[in-house]
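Here is what TrEMBL records for this protein:
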- 166-187: transmembrane segment (TRANSMEM)
- 200-231: region 'Disordered' (REGION)
- 254-278: transmembrane segment (TRANSMEM)
- 284-302: transmembrane segment (TRANSMEM)
- 323-347: transmembrane segment (TRANSMEM)
- 359-379: transmembrane segment (TRANSMEM)
- 430-456: transmembrane segment (TRANSMEM)
- 486-507: transmembrane segment (TRANSMEM)
- 527-549: transmembrane segment (TRANSMEM)
- 570-589: transmembrane segment (TRANSMEM)
- 577-618: domain 'Mechanosensitive ion channel transmembrane helices 2/3' (DOMAIN)
- 595-615: transmembrane segment (TRANSMEM)
- 620-682: domain 'Mechanosensitive ion channel MscS' (DOMAIN)
- 803-836: region 'Disordered' (REGION)
Amino acid sequence: MPSIPRPDPFPSSPTRTGRAVPGIFLFLLLGVLALFPARAADTTTAAPLNQQEAQQLLNVLNNPKERDAFTHTLSLMARGLQVETPATAPAAVPAPATAAPAKAAPAKAAAKPVAEVPPDIHTGLSSIRLQALGYLHNFLGLFSDLGIVGRWAHTTLASADTRTTILHAFAGGLVAMVCGIVLERIVSLSLRKPLRQLTQNAENREQRNTTATNATTPAEPIVDGSSQTRAADQRRQVETLRFLARVPYALGHFALKAIPVLAFLAVAYLAVLVLPWSEKTDNVITTLANCYAAARCLYLFVETGFAPRSPTIRLLPATDSTAFLLTRWWNVLVAAPAIIFCLSTLGSQFNLSPRGTDAMIRGVVLIEHILIAIFIWRIRHLVSRALQPRAVPNTAMWTFIVAITRLWWVPAMFLDVSLWVVWAAHLPGGYRWILDTTGITIGILVASRLVAVMAYGLQDRFFRINPVLTERFPDLQKRADRYYPFARRILTGVLLFLTLIAMTEAWGLPTFGFFLHNAVGRHLMDAVLTMLVALTVAVTIWEIINAFLSQQLTRFEKSDQMSRATRLRTVLPIIRTVLLAIIIIIVAVTTLSQIGINVTPLLTGAGIMGAAIAFGSQSLVKDFITGFFMLVEDAIQVGDWVTTGGVSGTVENLSIRTVKVRDINGDLHIIPFSSVSSIANTARGYNQVIVKQQLDLSEDLPRVTAIMAKTLKEMRDDPVFGPMILSDYNDLGVDNSDSGGATLLGSFRTTPMMKWKVKREFYRRITNLLAAENVKFYTGTSYFTTPPGNAMCITADVTLPAPANDAPATPTPPTVQNPAPETARDNGKPEGNAPA
């Protein structure tokens with residue numbers, strides 16, 4: 001058997017077979033068969049009671065003793081035991097029509113002990129046995145009733161008058177049918193050009209739609225999961241819109257194809273009205289014409305859906321080869337309903353008994369089910385490929401599922417055979433219920449699919465943010481895409497829930513009433529709806545607050561309020577964490593309360609546990625509160641040079657509990673806020689450089705002050721250092737004057753974090769100027785003393801004249817040196833630790 005390629009739903013879509021096509025196809029076939037209800041087999045009918053028997057039975061029922069004896073006899077007969085006819089019992093009491101007459105037996109046979117099976121169970125089993133025997137009798141009656149058809153044919157054709165009537169009727173019907181079919185063919189040939197024009201218009205529209213779709217489809221590959229989900233939904237939406245665009249052309253195709261059938265019907269009815277046929281001939285012509293027209297319409301209905309010669313108006317996803325295969329088989333299978341209609345209509349007109357008509361109908365249905373079985377075997381590989389998923393994980397479960405899909409034809413054939421057995425055995429309501437349930441289920445699935453596509457399209461449109469809002473909130477589209485997969489899963493769950501409710505209602509299960517009237521169902525629905533509402537409100541509040549904070553941060557950055565922007569950016573994680581914790585707690589409590597869990601003990605326990613944790617972790621609470629107020633008051637920011645906790649360095653990170661400071665040596669210090677008593681922040685406002693010069697007492701101090709002021713003025717004129725200096729040199733006068741010299745003090749201001757750079761440049765410049773101007777600095781004095789017990793000699797810093805040659809040599813005393821005070825330093829960061 002040649003392999004058939006997988007169906008291609010649309011020219012621009014990936015190759016894919018519609019998985020619902022075989023089910024819809026088989027349902028249409030079986031549904032057509034169900035249009036003609038089964039007739040019960042002609043079973044033996046019990047003869048009614050005459051007046052005398054009815055009076056005798058009434059006398060027995062009115063007499064208590066005879067009534068008890070009669071009841072006992074019936075119970076024994078129901079158990080299958082032999083009973084003895086009492087002498088007092090009336091001889092003419094009729095037995096039930098469905099029971100065999102009881103045979104006389106000895107009295108001791110009736111006195112035998114009864115079997116241990118309880119009477120109720122025995123009665124139930126007997127009822128099941130009788131029903132099974134009845135169904136078997138109806139099933140086997142098909143083959144015995146076919147003999148009635150043979151005897152009818154022999155009797156009918158044996159009579160010359162009857163034979164002549166039948167031959168004239170069917171000859172007239174044959175002539176009318178041939179004329180109608182010829183006219184139908186002529187009209188069909190004349191409509192080829194309009195059909196080609198319709199197909200060409202559909203191809204042009206399909207090409208325009210494909211061009212527009214390719215223009216709106218992004219060319220870059222999609223990597224994000226949310227984007228892939230949205231792209232898949234958009235592709236399904238495009239396919240649905242393309243399907244809807246093809247519907248008018250398909251209807252036009254069906255209308256043009258139906259015109260020849262109408263011409264055929266016109267010829268048939270015109271022959272009935274114009275030509276002088278007999279009544280039976282008119283009935284035969286009308287019946288044959290109606291059956292043929294109905295069969296043609298059924299064929300055109302499916303042929304329009306597959307459109308094997310016009311792929312651009314094809315409504316069902318299938319390749320050309322698959323469409324040709326299915327339409328050919330449908331053309332064969334659709335003949336059975338027409339034959340059934342003919343037999344059920346013409347049988348009574350030619351004196352065929354109902355049992356014979358029913359036997360012929362069941363025979364035709366048997367042939368139809370055999371053809372359906374052959375059709376299932378023919379397309380088993382095609383459907384197997386369609387049912388197998390594209391990407392299958394290499395797991396045992398998926399391997400088992402794939403193996404099951406390859407054997408789909410086994411349950412399909414079993415269903416086919418079972419339906420015919422149900423039909424032939426005349427099971428009450430079985431055949432019709434199966435077909436009705438299958439049809440309603442397929443209809444629900446198709447409607448659910450269409451609703452799902454439309455719902456996904458509305459969701460995609462809802463999640464596409466207006467460009468105006470995108471300009472105001474740049475991250476809004478990105479945040480909306482983040483929620484798209486979750487919203488789609490919720491929407492899918494709702495659609496599946498509604499679909500299952502509709503399907504179970506079609507199957508006879510009162511699920512809708514359970515969720516509407518039952519207390520448990522209403523509680524479940526209320527809980528689910530409340531959780532969905534709570535989750536929606538929580539997400540809305542979360543996104544509104546985040547959008548407001550992001551907009552505020554953007555406003556600060558655009559208005560050059562970088563300090564406020566930095567502070568908000570620092571506090572933002574803490575605000576989000578607290579808000580997220582509050583939302584999660586509220587949603588969790590609401591969900592638990594709706595499920596039915598009493599949240600009062602949980603809240604009480606949580607409160608007690610929270611108090612215990614807070615009492616045991618006071619330091620953590622203190623860290624949290626101190627850190628929050630530090631951030632809110634803008635006392636510290638990332639990038640500031642601070643001195644806190646005995647550590648100086650750059651702030652690298654701020655959390656809700658700690659501050660991370662990296663010092664000049666590269667060491668990272670993690671300081672909890674509870675240990676922060678004070679913060680010296682160099683990055684606030686301005687910095688001030690304190691200049692100290694230790695000069696000799698004989699030096700001209702105003703001259704030195706003028707040199708430093710001149711140097712700072714030159715630096716302010718410098719394009720590099722000028723923007724860093726905020727003030728001129730401020731002479732603060734002499735801070736100290738003693739034996740250690742005079743301390744000249746001055747200051748000037750710089751921009752934040754720039755004092756070390758400006759200070760180093762200032763000292764570099766005045767070093768050479770002071771040396772060139774011969775400025776005298778204080779020099780320390782050395783004192784040399786004699787050992788204890790000797791007179792102390794003071795040696796000045798000046799060099800004494802050499803003693804005379806006759807002077808006695810003076811011993812050299814040990815030297816004690818008083819070091820000069822350290823060079824003055826700035827009261828800010830020491831030079832060695834200042835940042836470059």
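Residue 1 is the first one shown; counting continues down the chain.
For all residues, glycine too, the Cβ spot is worked out from N, Cα and C.
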Please list, for the domain 'Mechanosensitive ion channel MscS' (620-682), how many residues fall into helix, strand and coil according to DSSP.
16 helix, 24 strand, 23 coil
With Cβ-Cβ distances below 8 Å as the criterion, list the same-chain residues six or more beyond the ends of the transmembrane segment (254-278) that contact it, or say none.
165, 168-169, 172, 175-177, 179-181, 183-185, 187-188, 191, 194-195, 198, 285-286, 288-289, 292-293, 296-297, 300-301, 303-304
Top stretch among 284-302, 323-347, 359-379 for CB pairs under 8 A with the transmembrane segment (166-187)?
284-302
Mind checking which residues reach the transmembrane segment (570-589)? Cβ under 8 Å, same chain, six or more beyond either end.
534-535, 538, 541-542, 545-546, 549, 553, 599, 602-603, 627-628, 631-632, 637-638, 654-656
Given the transmembrane segment (323-347), its same-chain partners at Cβ distance under 8 Å and 6+ residues beyond its ends are 4, 21, 25, 29, 32-33, 35-36, 283-284, 287-288, 290-292, 294-295, 298-299, 302-303, 306-308, 314, 316, 354, 356-357, 360-361, 364-365, 367-368, 371-372, 375, 378-379, 382
Looking only at the domain 'Mechanosensitive ion channel MscS' (620-682), report the model's average pLDDT.
82
Spatial neighbours of the transmembrane segment (284-302) far in sequence, C-beta under 8 Å, 6+ residues away
25, 28, 32, 169-170, 172-173, 176-177, 180, 254, 257-258, 261, 264-265, 268-269, 271-272, 277, 326-327, 330-331, 334-335, 337-339, 341-342, 345-346, 349
Residue counts (helix, strand, coil, in that order) that DSSP gives for the domain 'Mechanosensitive ion channel transmembrane helices 2/3' (577-618)
38 helix, 0 strand, 4 coil
Spatial neighbours of the transmembrane segment (527-549) far in sequence, C-beta under 8 Å, 6+ residues away:
473, 476, 479, 483, 490, 568, 572, 575-576, 579-580, 583, 586-587, 590-591, 594-596
